[in-house]
Amino acid sequence: MSSELDADAAPVGASQLTELDADDAPKAADVKDVEAPAVNKSANNKSSLKESIMSHNLERDHDDTRAKPFVWLLALTAALGGLIFGYDIGGAGATFVMDGFKYHFGWECHPDDVGCVPKDQRQIDVETGLINGLFGVGAAFGALFAPQIFNSKGRKPTMSLGAVAFTIGAALQAAAVSMPMLYIPRLLSGFGIGMLSMCSPVYIAECAPESHRGQMATLWQLAITTGIVLVSILNIWLAEWDEGWRISYGGNILFSVALLGLLTIMPESPHYLVGKERFEEAEESLLKTRFEDQVAWELEELKLEAQQAREDGTASWSEVFDDGNVKMKTRVFTGVMLQSFQQLSGINAIMFYAPNILEDFFGSSGSIYGALALNIVNFFATFITIFSIERFGRVWLLFTGGIVMCLALIPTAVLASFPDATQAMGIGVTFCCALYVIGFAYSWGPVVWVVCAEMFPMRERGKANSLTTFSNWFWTCIVGAVFPIASTASLAGCFGFFAAVVFVATTFVYFRLPETANLTAPEINEQYINHKPEFPRKKWD
Ligand code: BGC
């Protein structure tokens with residue numbers, strides 16, 4: 001048995017076993033001494049964990065949907081990482097049109113600066129690409145690096161390190177006096193966000209009771225959309241001030257410092273603690289996030305799961321890609337595809353470039369307000385998920401959201417194909433984009449993060465989720481870099497491409513994605529092992 005366990009956490013969604021007969025329920029304190037039954041090590045014995053749990057007489061009360069207010073606070077704290085993410089995604093682009101920024105970096109000359117020669121468009125394009133691109137590259141590396149800390153030191157240190165890296169990077173950007181002084185800090189703050197985006201949704205999913213896991217993990221997305229709205233409102237005002245761009249890059253330090261502070265009072269994930277055999281701390285952590293009668297059974301189940309992970313030892317990369325190992329290859333493929341589809345659906349073409357898309361129809365100031373309206377729609381539509389994700393499930397939301405997005409993208413492509421850009425067409429494009437954003441905001445935006453946070457078993461979670469998060473950032477960079485060139489060649493072609501991707505994505509979830517709402521880790525394993533594509537799909541849950 002490896003002592004250097006990577007099996008630092010039990011799977012997401014350990015049972016919430018509650019409302020037991022007082023006589024039957026072990027006291028939380030006794031649970032520390034429970035001898036977990038031996039479990040079969042064979043990779044092929046995929047139900048061994050479930051059997052162990054059954055043989056241990058663990059029964060789950062499916063009707064227990066209680067969640068302590070503290071666990072909501074915990075989820076909101078971890079979601080602050082999403083606020084920083086959204087603020088940066090929405091913030092940097094807007095600085096490129098701020099006069100203060102353009103004068104400072106020599107993109108344009110201040111009217112009073114007589115001898116000034118502005119940079120040429122080619123150089124400006126390179127610099128724009130580097131500011132956006134280096135952030136994405138940093139985030140992709142951050143996501144890949146995160147499991148080192150996630151597995152060995154825990155979730156809180158991973159998020160704290162991400163927040164520190166982000167804070168240093170953002171502070172340096174706010175103080176930049178030359179373009180190269182923006183580049184390296186962009187990498188660093190991206191790295192921090194990459195770590196946060198790999199860890200925060202998982203931390204929320206691990207700490208949430210399974211009946212609220214989807215809702216709480218959706219707070220991550222809600223925070224992203226809040227950050228985007230906040231900075232787009234702020235940017236309208238900051239554009240008036242020569243040094244305003246510094247706040248676009250550095251203002252979110254406020255949130256990363258708040259995250260660092262609040263994390264000090266949050267418990268470590270009980271999954272991580274049980275995996276490290278720190279049972280007393282795990283129990284304390286559960287006592288903070290669960291009602292007292294919910295603790296004992298959950299702790300017991302976590303111990304059983306962790307014991308199996310310990311017996312199997314550190315998960316190697318080959319196991320992460322091994323279908324004999326509780327369908328890991330299928331799961332990693334599914335997660336990577338979901339994140340890739342999320343990005344290739346074109347959401348960031350709209351998030352980053354809506355002002356440019358709308359400018360042809362409404363002029364520059366109209367386009368900024370049009371983009372702001374889309375961001376506000378994005379924020380409000382996320383509430384649909386919060387109220388429906390547990391009841392309708394992940395697959396249903398992704399499926400219906402995909403249909404809405406497709407139906408919105410096709411007319412956008414048609415409208416964009418007309419040679420003359422009239423205001424009436426602009427209204428049509430804005431309306432279709434808004435419909436697309438609604439479809440995305442209640443489905444592929446939040447649900448992909450939720451599914452990836454809950455779909456992997458304990459041993460492989462760190463490595464597997466770092467791959468799915470990496471693919472998100474990889475495609476964010478590609479779309480961000482290619483869209484300006486591709487849309488100049490054919491805006492209609494771009495929207496047509498996004499529609500085709502969304503169609504494939506919707507078909508993919510219909511056939512390939514098992515439902516994971518409200519399920520415990522062993523149940524999620526079973527779902528992946530037993531799932532068979534069928535048409536028409538009979539099993540939505
Ligand atoms: C995506 C981001 C996107 C945001 C828009 C997130 O789920 O990962 O790339 O900018 O949604 O709301």
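Any Cβ shown, glycine's included, is placed from N, Cα and C.
Annotated by TrEMBL as transmembrane segment, the relevant range among 344-363, 464-483 is 464-483. At the 8 Å Cβ threshold, with sequence separation of at least 6, the transmembrane segment (158-177) comes into contact with the transmembrane segment (245-266) through 3 or more pairs.
When each of the listed stretches 70-89, 366-389, 424-452, 464-483 is scored by C-beta pairs under 8 angstroms to the transmembrane segment (245-266), 70-89 comes out highest. Of the candidate ranges 70-89, 129-146, 217-239, 424-452, 489-511, 424-452 has the most C-beta pairs within less than 8 angstroms of the transmembrane segment (396-418). Counting Cβ pairs closer than 8 Å and at least 6 residues apart in sequence, the transmembrane segment (464-483) and the transmembrane segment (129-146) reach three or more and so form a contact.
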